[in-house]
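Swiss-Prot has this to say about the protein:
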BINDING   GLY34, PRO35, ASN36, GLY37, ALA38, GLY39, LYS40, SER41  ATP binding site
DOMAIN    2-238  domain 'ABC transporter'
Amino acid sequence: MLKTENLSVGYGNYVVVEGINLEINRGEILCIIGPNGAGKSTLLKTIATYLKPKKGVVYLNGKKIHDLKPKDLAKEMAVVLTERVNPGNMTGFDVVAIGRHPYTDLFGRLTERDKKIIIESARAVNAEYLLEKNFFEMSDGERQKIMIARALAQEPKVLILDEPTSFLDAKHKIELTLLLRKLADEKNLAIVVTLHDIELALRIADKMALIKNHKVIAYGYPENVMKREIVNELYDLKNANYSEVIGYFELKNNPIKNKKIFVICGGGTGANVLRYLVKNRYDVVVGHLA
């Protein structure tokens with residue numbers, strides 16, 4: 001479906017990431033993870049043809065993606081970037097309608113089918129109630145829903161999203177993450193997304209790519225990629241460790257109290273007690289009775 005072959009990306013004469021070999025099929029989600037400045041956004045913009053590759057090729061259904069005409073590509077791929085948009089006094093309906101541009105006539109007139117798809121796209125992201133609302137009056141979470149609805153209105157087979165949860169609170173982050181999984185499953189979309197939240201990425205990803213130091217340091221199924229030593233290296237962790245059990249980070253314990261406390265627990269029963277003791281800088285040992 002979508003494939004990169006020995007791809008190198010960057011700006012001007014500067015190569016940000018090189019030797020990228022990724023592949024994603026319809027119905028799958030590929031999450032790209034990495035520290036700030038690693039080149040995640042540059043990679044997505046190259047895949048979306050906003051930037052030309054420094055080397056290598058991006059294929060879409062076996063065709064070189066940078067050779068496709070913009071209108072033809074817009075019918076196959078939709079993109080939602082991080083940058084905030086300012087469409088003035090446009091309503092949610094007007095913004096979603098932009099997604100029909102590849103299909104409208106010279107004057108941009110909407111057919112009844114176009115209008116039906118606009119409503120269905122908003123409904124797919126639980127945003128039908130926002131169609132008559134002015135975009136500037138919407139919350140960040142509502143705006144993101146409308147932007148994804150606009151992308152869906154293009155009737156794409158591939159959806160590219162750059163850090164879609166950046167401006168969202170915890171509730172809307174979870175809702176959006178679950179929405180992406182739903183779209184991949186129900187609409188059979190191939191989704192490529194960059195995320196900062198590893199915990200959420202693990203919940204939805206079929207494949208993960210970790211980027212650091214100008215290259216992809218790990219790529220594959222999450223359970224094979226998200227190993228403690230790999231994630232610790234990815235973020236140069238000194239005062240924390242990535243836990244494969246909980247799928248997130250645990251702060252290292254630097255005890256300052258002389259008492260050593262032995263905690264008998266198992267099966268996650270001691271988690272709250274252990275966190276309390278570590279937070280209060282006790283020297284903690286864990287085990288079970290023989």
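Backbone N, Cα and C define each Cβ position, glycine as well.
Neighbours of ALA38 (ATP binding site), defined as other CB atoms within 10 A of its CB across all chains, total 23.
A count of other CB atoms within 10 A of each Cβ picks out PRO35 as the most crowded of the binding-site residues PRO35, GLY37. Other residues of the chain with a Cβ within 8 Å of the Cβ centroid of GLY34, PRO35, ASN36, GLY37, ALA38, GLY39, LYS40, SER41, the ATP site, are ILE211. DSSP assigns GLY34 (ATP binding site) to coil in the three-state reduction, placing it in neither a helix nor a strand. Taking a C-beta cut-off of under 8 angstroms and a sequence separation of 6 or more, GLY39 (ATP binding site) has the following same-chain neighbours: VAL9, GLY10, VAL16, VAL17, ILE211, HIS214.
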